[in-house]
Structure formats: structure tokens, C-alpha cells
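Enquirer: Can you keep this structure in mind? I'll have questions shortly.
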Amino acid sequence: MFLAKSIVCLALLAVANAQFNTNYASGRSGMVHLFEWKWDDIAAECENFLGPYGYAGVQVSPVNENAVKDSRPWWERYQPISYKLVTRSGNEEQFASMVRRCNNVGVRIYVDVVFNHMAANGGTYGTGGSTASPSSKSYPGVPFSSLDFNPTCAISNYNDANQVRNCELVGLRDLNQGNSYVQEKIVEFLNHLIDLGVAGFRVDAAKHMWPADLGVIYGSLKNLNTDHGFESGAKAYIVQEVIDMGGEAISKSEYTGLGAITEFRHSDSIGKAFRGKNQLQYLVNWGVSWGFAASDRSLVFVDNHDNQRGHGAGGADVLTYKVPKQYKMASAFMLAHPFGTPRVMSSFSFTDTDQGPPTTDGQNIASPSFNSDNSCSGGWVCEHRWKQIYNMVGFRNAVGSDAIQNWWDNGSNQIAFSRGSKGFVAFNNDNYDLNSSVQTGLPAGTYCDVISGSKSGSSCTGKTVTVGSDGRANISIGSSEDDGVLAIHVNAKL
């Protein structure tokens, strides 16, 4: 009997453990959130940029039909009308083609899935032509009726876990995930995406759903589609949106047994450090001692689509593309450090926090335009195409799983460390120059700094660093330089 129970427990553990595997193709790391991009444009980006530059995956905006709202704000994508795959980003055929094309070049697709709720009042018409009556909780495109929802009540007290999970988030009709029919429709939706070749999901508003109900849903998912290059038996990577800054009734620890979580404390803490509110020397023990979830349970980011707008967690300390020098430094630190699964934000520029993506006519999303230096125009920021960020994805791929060694700091805001003997990075966030002889851990030779430039044949378009036979190098980062970071690795040796 004990043996039988042990086997069952081990089987359940195996299922759970698989949800933390990113399913990345070998030798790749780093996910990018191509926020509000169209499917055809993402497919081309996988082939032309993400694949060649070593990115491992793309988080895409919600794929299912959403309510059409006046002035087309970004958040209409988070107001589901049905689970039909028709949005401003494209239809099911375009989505399926994108997933295939991205998988073919080693770039995985992760879908932002919204199944905590359906559209709020006023969301009567969808992007796929479906109609709904949110006031009577009728969504015939699924179909859902009032029987499938929790009673109407508003969330006003985040110290009441029952209210947070059973009431409505800003008027969004709250589905009852404990209802077997609701579970069935959600699983049907997710399994359809798995059939189409996705590698995993970001689960929106996970803290507003009961962990036990999510466990039933996740446990009902198919294995990933081997026709798309996934290993037999591979399970979807699940990252749950759980904002836990402490002091609330709901804790991320309730969810980390089911999958990874969005580690908002990482965003808050890295913002404080690179904004100068916390000295960089204290990053020496970056990780769980900062209150983060375990490394394989943490999706980490500098900013996300919510908190760059002041929504969610982090407030004024969150770094965004609007503070480019510090943003690039924080992104470089995240990508250089082994902690967590990093996600790079790729934004559109905005002045109004409700503003939707660039359009051609006020309705249809515009494609990004690309400049000769790889940057974007046409209202798209494309942080993932900034040299200081995409070259650090290359750094992360070059250093692999090598541990942090050779930590150095000046007792203030100048720090450096190596990743084993494969990579070295240094930062200067002080208001005076960094000029020091530092142990890099790297083999002797001349290296190209991948922040200021790129290796091109046997030359470098930026700074070079000469490492001596003892592994030391003279590191120089002026306080007035455009970039407060320098990075070298074995694949950038000249």
C-alpha cells in the first residue's frame, strides 16, 4: 500500500515538476514579450531577428476574442468574449502559422491566457463578431451563462482571500473555476493552443483563482505537440501572474507548487537599485534572500506591460524605456545573473496609460518599421532590439549554467562579477568614473565589449578589453558614458 501511494505521489510530482521547464530549444535563453504585435509580424521577427540573435521565446498578447472598446485601449485584450482565436493581432490561421514558423527557428511561443473572468459591462461585441451580454453574464460565443459565474460582488479588501478569489476584479465577470463545465471549456481552449504548438502559458490574474482549481485545470492539459519539436511527454511551462509584495492574504507560495510565478519583487528591487535608492554592492546575494521565489519558480523582469504604466506592483521605482541608461543597466544585470527565467519587455511608446498600440487607421494595428541599426520606429519601442539588450541575451547563452564568481565592488555602486570562466560584466552607477584592475575569470586575450559594440569578424565596433594571463583586466566605465555597463564573453573574443 505504501509503495502504491509512493508511486502515485511520484507521478504527481513528475507532472508538477514538468510545469517549471521552459521547453526552450538547446543553447537559447531569454523570453521577450512582444506586446500587442500582430501574429504575422511576430513570425517574421522570429525568423529575421529573434532566432539569429539567440532569443528563446516570445510571450504573445491574449489570442482569444475580446470586447471591442472605444478608442481601442490595450486592456481590451483582457476582456474575453469567447475562446475563438480572433483578435486585432490576427486570426487562427495566422496564429497557427506564426507558431509553426517560430518553432522552426527555435523560438518558442507562450500565450497570455485570460480565464479568470469574462468581459465587463459595456463589452457587448467582440473582435471575432460574437456578441455578449455581460450584465446578464451571457457569453454565447463560448457559451457561458450566469450559472458559470460567481455571485456579483466587488473586490475591496485584499486581506480577504475569499473576496479576492470569488468577487469581481474591476467589474470583470468572475468565472467559477470550481465548476466542472467551466474547467472543461478552459481546458479545451488551452489544449487547442497546445495542439497548435505553443510551449506554455502566462496565466493572467492567477491570484484571483483558487490554487486547487488551477491544479485541476493544469493537470488536464495535454503533453506538448511533438510535431513542433518538443520532447515526448513535455508539459506546458506555466507562469502565473501572482502579485505578492507581502502584506496581503494571498501568497505566491500557494502557487509555486503548480508552476512558476511572475516575481514582481524582482522588478521593484532592481528598479530601486539602478535608480540609486539601494547601493549596487548589496546585489551580491541577489535571489531568494531578497524575498524572491526559488529560481526555477521565478519569471523575472525589469518591467511588464502593467507596471510600466503604474498598474500592478512597483510604482514609481519601476524602470522603463523612458529611463534608457538605467533601464539598459538593469536589463543587463538581469540577463547576466543566473537567477530566474528572464523576460525582456518590448513596448510601444505611450503618453496615456490606456493608449493602445500604433494603428494604421485608429483600429488596425500597425506593423513596426525597422531602422538600419536594428531599432524600431512607427511608435514601437522594441527594447529587445536594443544592442545592449540583445547582446546580453547572447552573453547569457554563452555563459550557460556557469556560476557567479569573482564578485567585486567598491563598497558603493560599482560592481563586477564573472560567470565562471565564460563571461564577465561590470557596472558603474556612481557619479564618478570606474577605473580598476579587476579579476575577470576569463582566459587571456582581447575581447569585444558587447554593450558598446558587437564583434564583427576579427574586429569590434565598440570598446575592447584586454585580459592578462592572470585573468585580470583594467576596466573603465566613465560616469558620463551612454552606458553604465560593460560585458565580455568567450564568444566575443577577438
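Placement of Cβ uses the backbone N, Cα and C atoms for every residue, glycine included.
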Enquirer: For the chloride site, Swiss-Prot lists Asn304, Arg343; sort out which one of Arg173, Arg202, Arg472 goes with them.
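Expert: Chloride site check in Swiss-Prot: besides Asn304, Arg343, the record includes Arg202 out of Arg173, Arg202, Arg472.
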Enquirer: Report the candidate from His208, His228 that shares the Ca(2+) site with Asn116, Arg165, Asp174, as recorded in Swiss-Prot.
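Expert: It is His208, as the record lists it for that site.
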Enquirer: Which candidate, Cys102, Cys153, does Swiss-Prot give as the disulfide partner of Cys167?
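Expert: If we follow Swiss-Prot, the cysteine bonded to Cys167 turns out to be Cys153.
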Enquirer: Roughly how many Å separate the Cα of Asp204 (active site, nucleophile) from that of Asp306 (site 'Transition state stabilizer'), to the nearest whole number?
Expert: 11
Enquirer: Arg202 (chloride binding site) to Glu241 (active site, proton donor): how many Å between their Cα atoms?
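Expert: With distance taken Cα to Cα, Glu241 (active site, proton donor) is 7 Å from Arg202 (chloride binding site).
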Enquirer: For a three-state summary based on DSSP, what are the helix, strand and coil counts in the region 'Disordered' (350-370)?
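Expert: In the region 'Disordered' (350-370), the DSSP-based counts are 0 helix, 4 strand, 17 coil.
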Enquirer: Which entry in the list of disulfide-bonded residues, Cys46, Cys153, Cys167, Cys376, Cys448, has its Cβ near the fewest other Cβ atoms, using 10 Å as the limit?
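Expert: Selected from the disulfide-bonded residues Cys46, Cys153, Cys167, Cys376, Cys448 on minimum Cβ neighbours within 10 Å: Cys153.
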Enquirer: Rounded to the nearest angstrom, how far is the Cα of Glu241 (active site, proton donor) from the Cα of Asn304 (chloride binding site)?
Expert: 11
